[in-house]
Amino acid sequence: MFNAAVVDAHNDNRDQQQQQISRHKVDVSQPQFTWRAIVVGLLFGTILCFSNLWFGLQSGWISMMSLQSSLVGFAVFKALEHLLDIPFGPAENVVLQSTAVATATMPLAGGFVGILPALKLLEESESNGALTVLNYGQLCAWGLALTFFGVFFAIPLRKQTIIKEKLRFPSGTATAQMISVLHKRPDPTLEDEELPRGSSTANGRIGAGPPSVPEEGEVAVRRRRGQAPQVTAEPVASQADGILEDAVEEPSAVSATFVDDVQWVTKLLVLFIAFVLSGIYALLAHFFPIVSALPVFGSRASKVWAWNLTPSLSYAGQGIIMGLPTCIWMLVGSAVGWGVLSPLAKNESWAPGAVTDWKTGSRGWILWVSLAVMIAESLVSLGLVGTKEMLLAARRLYAFFGRRKASGALLPSQPAEDASPPTNSALGQAGNENVLLRKASTASLLLAEDEEDEDEVDSRFLVPAWITWGGLAASTLLCMGIVKALFDVPLYDTLIAVVLALPLAVLGVRALGETDLNPVSGIGKVSQVVFAGVMPGNLVGNIVAGGIAEAGAQQAGDLMQDLKTGHLLNASPRAQFAGQMIGSVFSVFITAGAYLLYNKVYPIPGPQFPAPTAQVWLDMARLVNGHPLPPHVWPFIAAFSILFAVLPAAAVLIKNCGREQFTFGSWSVRTTTVLRWWPSGIAFAIGIYNTPNFTLMRAIGAISVAAATEAAVVRWKGQPAASPIPMLEQEAMLRRKIAMLAIILASGFVLGEGTISFFILLSQAFIA
């Protein structure tokens, strides 16, 4: 009986595993890597790269734009649908957006919006004769030095974070949901628990036939992959694309099958109108610069305290994409920094210069508070992730040795002849008993291994190990050689920087997977602190080391988000890796050329492009190398550091308290809502180091969409019910529909001003 139970249980579990594995096989019925997807991804990524460089040099903020890439890519192929022999599928869309994101984010990953402007700000006595201004060839070499090792290092992290631990990676998950809606596929984060009413099958599994999309009026009860069936599910949370988070107020919002019935003509019209309006503003701001800084708070507030409004639709679009909570905390940071701390420092003569002056004015003074907030939150967040990792590793180690000890006690060594087939007697022989126990233990170990690999795709769709580790070694050597040639940093110091960047990238990836926030700024500052001891007094080397750490974390994080999207949509990781590499290499040459154009036409840093993150890098390098702080700023640094060190720790406690909601008298609030509105130190800090004009328009954009959404919901509730779908689920679908249109609107705003501004730049560089 024992033997039969072991074998039957094992066989049943193996069958279940095989059924689950079949769902996650790469769908070979549709194209994976295609040059048409790569070309469109490169073209759209180039536009995004120009926009990100423009806005990054202005305000220090860039966007991955993965949702927008999948949306615009689909729109392109939708328009060409009648010319295509093979339909454009979701796997191609995954590769397209991976390529576009890799191309778009090079301004940050390559240090073009922070590291390189910071080097230009160094005084001659601080550079020690090192190169601080690079020509085109040197810029390309610098970009290539930082491009590869983070991408190669992300590959081995995929299995642990996505396959085994199933970290959510909210932006990657949101992009997968967007692509599913575009291609009329079921939500990939949900599984069918019951059949839709009125249908005989509910097949949403790739490779087993075409997925069913419920007709209007049908409802499928679904559950999250890897979770028990439940009525409500966790909402989509995304810092990079926060509008989707704002759309899902109630967790049950994703329990219904989402049907996108908005016509494509409407979507393209919204995108086009938004693009044109934003482009018109860019032209007006160019020919009438006064439009860029409206003194809406009065002449004195504008001239003395830098309180202006820049009515840029692109910044409104960024605010829509960021989401309301992020923009609110940026607004709070702006109010505290520019409404309280800046006047205080000015009036107390702690910063007697002009308010906007980095060296003697209150702008430079409050920057230290912003830097302290970013470092405190990033360090605590990384520390919490690192502590969790160590505890999990210790638990696994304890379980491993405990299992070995138990196996050794139960399964003593037996001679070969003892391994005979069991007899028909009921465990009559001790030898047979040991054989059965050994088989049971082996079966359980095999099953455990199967459970870890149940979601993995076939090896032919994975990046080979020799490419991963060989590429990591080669890219490290390339980085060492280029950094030595450009900045005369010793080879072993660059090697230390890369080795330090890798574990920091692991922590960044894990934080990104759990919170959707990759603390690349904090990671770079950690590297700067370490290299103050490795290369004391070398400010160039210190900034470069921070740039290496930031690049590794940024590239690894971007690819992990994309790999999460691909995993949910059964796309080939190898195809995504190829798209990432092509996009990154292509973007190095594009970004380097664009950066030179900006420097040719505008002073960088300067009034038009202050490059605020450059000042952050430079101040940190000076601080860790012994430069003094501005007068009287230390108490404020300490106070805000403590506050924003406590807040992320408190958020973890709230998240793990096990309570679904908190009740205060007659008022109650869900735990997920508390966490969604929890103070963001990074957003708060950005509000401080950016002048208020950038923050105000972002907040206006987010608030406007939130208000319009609530108005539409109120109007809908006033209409008589005409659907069998529960009201709560109808409301959730309405919010999701509005959120998608808002993303399209915001994309048009961002792309319009970014594109037209770049053409204005080209005209000034080559025509004027």
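Placed from the backbone N, Cα and C atoms, the Cβ positions cover glycine too.
Looking at 69-92, 93-116, the range annotated in TrEMBL as transmembrane segment turns out to be 93-116. 489-509 is the stretch from 33-55, 489-509, 577-598 with the greatest number of Cβ pairs below 8 Å to the transmembrane segment (365-386).
In this chain, the transmembrane segment (738-762) lies in contact with the transmembrane segment (268-292); the count of Cβ pairs under 8 Å, excluding pairs fewer than 6 apart in sequence, is at least 3.
Sequence-distant contacts of the transmembrane segment (489-509), counting only residues of its own chain at least 6 positions beyond either end whose CB sits under 8 Å from a CB of the stretch, comprise 149-150, 153-154, 157, 161, 382, 385-386, 389, 476, 479-481, 483, 518-520, 523, 526-527, 530-531, 534-535, 538, 540-541, 544-545, 548-549, 551-553, 556-557, 560.
Sequence-distant contacts of the transmembrane segment (738-762) (same chain, six or more residues past either end, CB-CB distance under 8 Å): 47-48, 50-52, 54-55, 63, 65, 67-68, 71-72, 178, 181, 241, 243-244, 246-247, 260, 262, 267, 270-279, 281-283, 286, 312-314, 316-318, 320-321, 594, 597-598, 601, 701, 705, 708-709, 712.
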